[in-house]
Amino acid sequence: MTALKNDRFLRALLKQPVDVTPVWMMRQAGRYLPEYRASRAKAGDFMSLCMNPQFACEVTLQPLDRYPLDAAILFSDILTIPDAMGQGLYFETGEGPRFKKVISTLADIEALPIPDPQKDLGYVMDAVSTIRRELNGRVPLIGFSGSPWTLATYMVEGGSSKDFRKTKAMAYDNPQALHLLLDKLAQSVTSYLNGQILAGAQAVQIFDTWGGNLSAAAYQEFSLAYMRKIVSGLIREHEGRKVPVILFTKNGGLWLESIAEAGADALGLDWTCEIGDARRRVGDKVALQGNMDPTVLYAKPEAIRKEVARILASYGKGSGHVFNLGHGITPEVDPEHAGVFINAVHELSAQYHQ
């Protein structure tokens, strides 16, 4: 494989020295970019973009052609695993993801297969290898998956939910059934991420989008325990380099200490945490990724730069910080403002790495 021309993202995740703080954005390949909207129109719909390796590669690279980002992230969806388990993923206009089959009984869960990454999710593996080849060493490629808890909520609710009442009711009424589902999902996520690593992903992130909606005790039992299981089963070295693992629980700021014990190299932070406090709490164990409020990108350029400067100062000197948003970039953001953000991180962070 081609040598990396820019490895500061991987170095920061491993707390090795860097020249400037690396930066990428969750959902950096997305609807805020006119070129993405053109590709999506050409593909026909969102799932056609995800399931065609050439289209997935095209949109993954678009933000890198526009901005000096330090990492690419595979263009895909967290719900590819439930779809490969036979749940029948589809998208309703204005409603988000839905499933034709909904999980409601132990029998439903027992019948679920564990997908084979090559056979059942081969289009994702093909996309990873295609993107890696096209990147040609420009920057590292991040693979990803949803967490078992987050995937389970979609499978039990049948789609998005505000209160996760069916999944939470299952947790309290029938924990045995939910644990079986989460265990199957943990096995599936482990093999899926390992498949991505073997196909060329140089770091992986687990998105625990809905873990922060659980009580502290339920988070430990139904979310963190399964992420810990996944982390322990991942390939951690490939092609002569460490493969860093990032865990991101949105609204998980109260539990950083226990997340830091899960075995990952880095924790993603949403914008409700103060990154300097997070560093004092867990910075000796893990790197940190984040954590600007994505809506700051609607503000004027000077305000964006000011907030970048504040977060950099809060983290302070030294490596171990990957700058990112606290969640995905939103569709109405002006692409010029995203550029201001990325350039500000590089320009204003150099002083912290001298």
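From the backbone N, Cα and C atoms, a Cβ is placed for every residue, glycine too.
The structure displayed is predicted, hence computed values, not measured ones.
Listed in Swiss-Prot:
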- Arg27, Gln28, Ala29, Gly30, Arg31, Asp77, Tyr154, Thr209, His327: substrate binding site (BINDING)
- Asp77: site 'Transition state stabilizer' (SITE)
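Between His327 (substrate binding site) and Asp77 (site 'Transition state stabilizer'), the C-alpha separation comes to 15 Å. Counting Cβ atoms from all protein chains shown, Arg31 (substrate binding site) has 15 others lying within 10 Å of its own Cβ. In sequence order, Tyr36, Val59, Thr60, Gln62, Pro63, Ile73, Phe75 make up the list of same-chain residues 6 or more apart from Ala29 (substrate binding site) whose Cβ falls under 8 Å from its Cβ.
Put simply, Asp77 (site 'Transition state stabilizer') is 14 Å from Arg31 (substrate binding site) when counted between their Cα atoms. The Cβ of His327 (substrate binding site) has 23 other Cβ atoms within 10 Å, all protein chains considered. Between the CA atoms of Tyr154 (substrate binding site) and Asp77 (site 'Transition state stabilizer') there is a gap of 13 Å, rounded to the nearest whole number. Around the Cβ of Arg27 (substrate binding site), the same chain contributes Gly328, Ile329, each under 8 angstroms and 6 or more positions distant in sequence.
Under the DSSP three-state reduction, Tyr154 (substrate binding site) is assigned to helix. Among the residues Arg27, Gln28, Ala29, Gly30, Arg31, Asp77, Tyr154, Thr209, His327 said to bind substrate, no two Cα atoms are farther apart than 23 Å.
Here the recorded positions are Asp77, Tyr154, and the one ringed by the most other CB atoms within 10 angstroms is Tyr154.
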